[in-house]
Structure formats: C-alpha cells, structure tokens
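Enquirer: My questions will all concern the structure given below.
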Amino acid sequence: MSGDLSPIDKAKFVAARRAAEFVEDGMRVGLGTGSTAAWLVRCLGERVREEGIRFRGVPTSTRTAELAREVGIEVVSLEEAGWLDLTIDGADEFDGELSLIKGGGGALLQEKIVATASDQMVVIADAAKSVETLGAFPLPVEVIPFGWTASQALLEEALVSMDVLGRQTTLRMNGDQPYHTDEGNYILDLHLSRIGNPRQMALILNQIPGVVENGLFIDICDKVVIGYGDGKVEVRDINAGTVDEDRVDFVEDDNLFRDV
Ligand SMILES: O=C(CO)[C@H](O)[C@H](O)COP(=O)(O)O
C-alpha cells in the first residue's frame, strides 16, 4: 500500500501518476524503463481498467513490455506504431536545459530510439535527480562485446580532451558476468563527476568504434514532471518556459501497489 512506500518511491509515484494524465485515447505512447517508469505503466494500466482509455504502448525493454501486458496495456513494436505521440520515461539526472543522463537501468539504446521517434518526450523523476551540472551519476555507454577493451581504451583517450573531473570507466557487471543489454551489448559506466560540455561529449562518444549509443539525451526532452515525497509535483516545460505546481493524492489501490 502507498503508506509503506519510502519518500523517494512516493515522489516517483506522484510524478508518474501526474504524467499518466498526459496520455489520451488513441495515442501511441513510448513507455520508459526503470522504477519510475514502472509506476507510470501501473498508473496507465489503472486508467485502462478504470476509465477504459485505449492507447498503444511501445515499451523500451523486455521488462517494461512484460509489465505493460500484465496491467492490460496494448503493446506494439515501434515498427508497428510508426511514430509516437508521446514518450514518458525516467532519468538518472536532468539539468536546467532538460539535458539528461539515462541508462542506469541499462535500456538507453531503445529509450533513445523511442524518445527521438516521438513528438514529445516527458521525463518523470523524483526531485533528487535535478542537478546543476550533469555527471555525478556515472554516464552509461553501450558498446558491442567484440573488442570492448579496445573501445574502452579509445573512450578513455577521448576523455582526456574533454571538460570532465573524473575519467574512470568500468564495465557494468551482473554478478560475476558482464551485464548484457536487451540487444546483447555491454555497458561501460563513465565516472566523470562533472560533464562541462554534454553536447560535445555526446557527439564525440558516438564516433568511437564499438560504441552503439551513450546515455546523454540532449535536446530530446520537452517536459519534466518532478515528484516530491509529500505529493507535490512540478511540471517544467522547456519549450513554453513554464513551471506549474500541482498535487497528487496517494491512493490505496491494491492493484497498483500489488507487486511493490
Ligand atoms: O534510464 C533508465 C533506464 O535505462 C531509467 O529511466 C533511469 O535509470 C531512472 O531509473 P529509476 O526510475 O529507477 O530511478
């Protein structure tokens, strides 16, 4: 039940619940990955059950696809949907320009493809994800397994010329094995502490052989819905230049909180 949630989970929940209201009948909607996005999927499932809204969801990972089907959302592929009206996803960090670090959950590649194939991307996040400068959260970079150590060496060399504080890179692990993305790739996490020029970094990283995609989302996100543990939500719209405040009630719906 909602009373058992930590303040961070409450913040994630209220952001997700507010953003779930952006989905309208007939839309094609990108569904993000991660714990905040999982709340969104549950809230959308609730809207399908209670209000009978109908929309098609394009998941950004096998995890999200499973949950979406479980809660009654019609799941289609991006190819079937063609183009999306809206994508709603979490983030690991966002700054004042709504540049993002994503990929903490390992789904950055599908997330970036889906978000950029959408008219609008909305990020849902607890307030702790808001930063002045990106980089405290390790930046995920997806690389193909073939020759990954060579890609890592080239990445580290490229970092020397960039405006960052740290330069350590680590292979993401799953127990004693490398973590595999849904595409069967590896992830290198870049411990940079501070990214002075995220736009330049995003371009340079993707030129390194073996790099498939990086977790910097620049000029992709249109809106962020920031949740707080007390139920407050703030909606920042970068295009309109507006900041709106709202409140979301916690609900005691067993269906929503069943698997938490
Ligand atoms: O990018 C992501 C997954 O690849 C997530 O959106 C990001 O890691 C945030 O996760 P959470 O909502 O669990 O804090």
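Each residue, glycine too, has its Cβ placed from N, Cα and C.
Just so you know, TrEMBL annotations are computer predictions that nobody has curated.
Taken from TrEMBL, the feature active site, proton acceptor applies to Glu111. Annotation source TrEMBL lists substrate binding site at Thr33, Gly34, Ser35, Thr36, Asp89, Gly90, Ala91, Asp92, Lys102, Gly103, Gly104, Gly105, Lys129.
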Enquirer: Applying a 10 Å Cβ distance cut-off over all chains shown, what neighbour count does Ser35 (substrate binding site) have?
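Expert: Here the count is 16.
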Enquirer: Given a separation of at least six residues and a C-beta threshold under 8 Å, show me what packs close to Lys102 (substrate binding site) in the same chain.
Expert: Asp89, Gly90, Ala91, Asp92, Leu108, Glu111, Lys112, Pro140, Gly215, Phe217
Enquirer: For Ala91 (substrate binding site), what is the secondary structure state per DSSP, taken as helix, strand or coil?
Expert: coil
Enquirer: Show, in sequence order, which residues other than Thr33, Gly34, Ser35, Thr36, Asp89, Gly90, Ala91, Asp92, Lys102, Gly103, Gly104, Gly105, Lys129 on the same chain lie with their Cβ within 8 Å of the centre of the Cβ atoms of the substrate site.
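Expert: Going along the sequence, the neighbours appear as Gly32, Ala37, Glu111, Ala125.
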Enquirer: For substrate, with binders Thr33, Gly34, Ser35, Thr36, Asp89, Gly90, Ala91, Asp92, Lys102, Gly103, Gly104, Gly105, Lys129, what's the maximum Cα separation in whole Å?
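Expert: Across Thr33, Gly34, Ser35, Thr36, Asp89, Gly90, Ala91, Asp92, Lys102, Gly103, Gly104, Gly105, Lys129, the widest Cα separation comes out at 16 Å.
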Enquirer: At a 10 Å cut-off from the C-beta of Asp89 (substrate binding site), count the other C-beta atoms across all protein chains.
Expert: 32
